[in-house]
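Taken from TrEMBL as is:
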type: ACT_SITE; residues: GLU177; note: active site, proton donor/acceptor
type: ACT_SITE; residues: GLU252; note: active site, nucleophile
type: DOMAIN; residues: 34-327; note: domain 'Glycosyl hydrolase family 59 catalytic'
type: DOMAIN; residues: 335-460; note: domain 'Glycosyl hydrolase family 59 central'
type: DOMAIN; residues: 497-671; note: domain 'Glycosyl hydrolase family 59 C-terminal lectin'
type: SIGNAL; residues: 1-17; note: signal peptide
Amino acid sequence: MISFILLLCRFFTIAICVTDQYVLDDKVGLGRVFDGIGGLSGGGATSRLLVNYAEPYRSQILDYLFKPNFGASLHILKVEIGGDAQTTDGTEPSHMHYENDENFFRGYEWWLMKEAKKRNPNITLIGLPWAFPGWVGHGKNWPYDYPDITATYVVSWIIGAKQYHDLDINYVGIWNERNFDSKYIKVLRDILDKVGLTDIGIIAADGDWNIVNSMVVDPYLNDAVEVVGAHYPGTTTVLEALKTQKKLWSSEDYSTFNNEVGGGCWARILNQNYVNGLMTATISWNLVASYYGELPFGRDGLMTAQEPWSGSYVVESPIWISAHTTQFTQPGWTYLQTVGHLAHGGSYVALTNGKGDLTVVIETMVYTQRTHDHSVCVRPPLPAFNVTSQNTTFQLKGSFASLAQLQVWRSRFNFKTQKPTFFEKLSPLKVNLRIRNVAHLQRSLRSLDEVYTLTSLTSGLKGSFPDPPPSAPFPTTYKDDFNVANPPFTEAPDFADQTGVFEYHINLTDPGPHVFTLRQVVTQRPVTWATDADQTISVIGNYKWENLTVSCDVFMETVKTGGVFIAARVDKGGQSVRNAKGLFYWIFSDGSYKVTNDLAGQAVLAEGPSGTRAFGWHTLTLSIKGQYATGLLNGYPLWKNAVVLGPKNGWAAIGTKSFELAQFDNFAVKAE
Ligand SMILES: *[C@@H]1O[C@H](CO)[C@@H](O)[C@H](O)[C@H]1NC(C)=O
Ligand SMILES: *[C@@H]1O[C@H](CO)[C@@H](O)[C@H](O)[C@H]1NC(C)=O
Ligand SMILES: *[C@@H]1O[C@H](CO)[C@@H](O)[C@H](O)[C@H]1NC(C)=O
Ligand SMILES: *[C@@H]1O[C@H](CO)[C@@H](O)[C@H](O)[C@H]1NC(C)=O
Ligand SMILES: *[C@@H]1O[C@H](CO)[C@@H](O)[C@H](O)[C@H]1NC(C)=O
């Protein structure tokens, strides 16, 4: 418990008061305009499992993220413009798989943006491509050779957002963390302007700061770019960036496991991105960890919601660290010039709405070599620094001199006791008696690893719901016949595409039981961002599964050269999917089958004739127990006792031999 110190310093010199003085004054001039704090859904497929939560849990999670004055109360939602390719933890579908195709109901980002907007009509929306469908690159792994085609493709996404979902996109980016192309940026600006989207700002280049060197010598490029967005800037910027006089954003940051250290990282960078780098927005990759935890960067979201089958979710510390700033500011508020580092470590920022309101956010994150780093982010490396106990006095001047008290909100990480407390409302801090017309606000920051908000706003709230259901593993018996006449989403629940896109498909001309199926629809390698596989694959289930039976009806649509597989114990996804091992049971449209230990299809355990062909349904069944696996075709044994030495466990999966159309139906798993 920390007691407030309301010393009358009148009779003492400052030295006797043992306090560091900071002035908060709006009359000496203001700093930059604040643009908000946000989260990034996608880059890639990071919200995949969120959509499969049952109500009321799904709405509760969305409230924790977006509802004003409730939880993280985010100001910004940035989403991936799906490009049909693997972009870290999965693929997200494009609105144009093919050149003559347009569909604005694929994936879940439209839904997410609408849910965010429903809660906060003022939320800033940003779209950014990671990858593009293959046709955009004309077969090359490069989107800039035909800049007008790429720009038209991106602009069609923005127009579709408005036309089909009434969503106004505020900003659009170029190509995530890849080379920028000045010509492309100008063409994109041109096409946006031509269709009347003059209000949409371009963010560039979503990588390092290098674009500013081109902007300072190219006035047309400089005009085309509204925001310079850097990723993982380590809280600092470069001189040339300041020279552009543009808004500077950390347009992707954090990417850190969301335990208390991650919360500390988030607290430190939210303040210091402005203090050190004059960045006026910070966006977390990712928004919510809603992907299988064994995929790359598991739990690197502001909160965790990776169990739609149980309904369990966890509100992690970054939610409440966000609240310290988001609940007491809005985009359009302005930083004071008087922000900075505290004398004995930590930092403070102060913002005002220009109407006399004041919000101060203070963080005192500790760096200790002996124990561990309390606020280290995954990248970049954190230079050593010291924070010690300190008394601070804020002098309120200018418009703030008349404030009588400030509300106090506190989070304490308490690494020693392991009992953190987040976003507690303390009793208000009374402003000290006037001393020569200066209001003094004194606070003893004796404890380290704390975050404080001192604010004239009385509106904050630590939102809560009854505890969600307890965590539980993926069900051991699972079936999906994909018979959904009017599906709310294009993907089947819990399938996480790692290369290719698997969508609900309706074939009204099918005479039999396969009117409703799941279909792999990507027929050409996309313009990729991460390494994908040469095969398509969608994983599902419990990564711990060892002994199980997987079965599925499959339908090849490529004569002679086509192939499909079902698999168990698949050990890798995300950017490593290319190297996935497991037990893969393939049939091919040339009338053969194969059993391999890898997705690449190189490590063959068994092979032979199968009589399988395209445009006919076949039922594959794969059973694996210990080291032995057996396969059935249409209910009859095709191969048995294939010896599987590793991996020992992994997901179940379905997929195709190449980028080809193929369908799946009556998927079932029975695990021990
Ligand atoms: C949205 O912004 C307007 C104008 O700044 C403000 O009056 C309104 O309260 C905001 N709404 C929410 C839900 O924050
Ligand atoms: C932190 O404090 C320790 C002990 O006083 C000192 O040895 C070290 O150099 C300091 N580190 C920094 C970065 O100031
Ligand atoms: C903070 O102020 C109190 C009261 O004046 C004093 O006892 C204490 O030593 C000060 N702490 C520091 C770290 O300066
Ligand atoms: C639809 O079903 C018919 C009859 O089984 C089949 O011949 C055709 O290939 C199927 N088409 C698609 C696109 O699924
Ligand atoms: C899987 O089956 C093998 C062979 O029967 C057995 O040794 C192993 O314990 C089983 N694993 C699990 C998790 O049940």
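Even glycines carry a Cβ here, placed using N, Cα and C.
A gap of 10 Å separates the Cα atoms of GLU177 (active site, proton donor/acceptor) and GLU252 (active site, nucleophile). Listed active-site residues: GLU177, GLU252; maximum Cβ neighbour count within 10 Å falls on GLU252. Across the domain 'Glycosyl hydrolase family 59 C-terminal lectin' (497-671), mean pLDDT in this model comes to 98. With helix defined as DSSP H, G or I and strand as E or B, the domain 'Glycosyl hydrolase family 59 central' (335-460) counts 5 helix, 58 strand, 63 coil.
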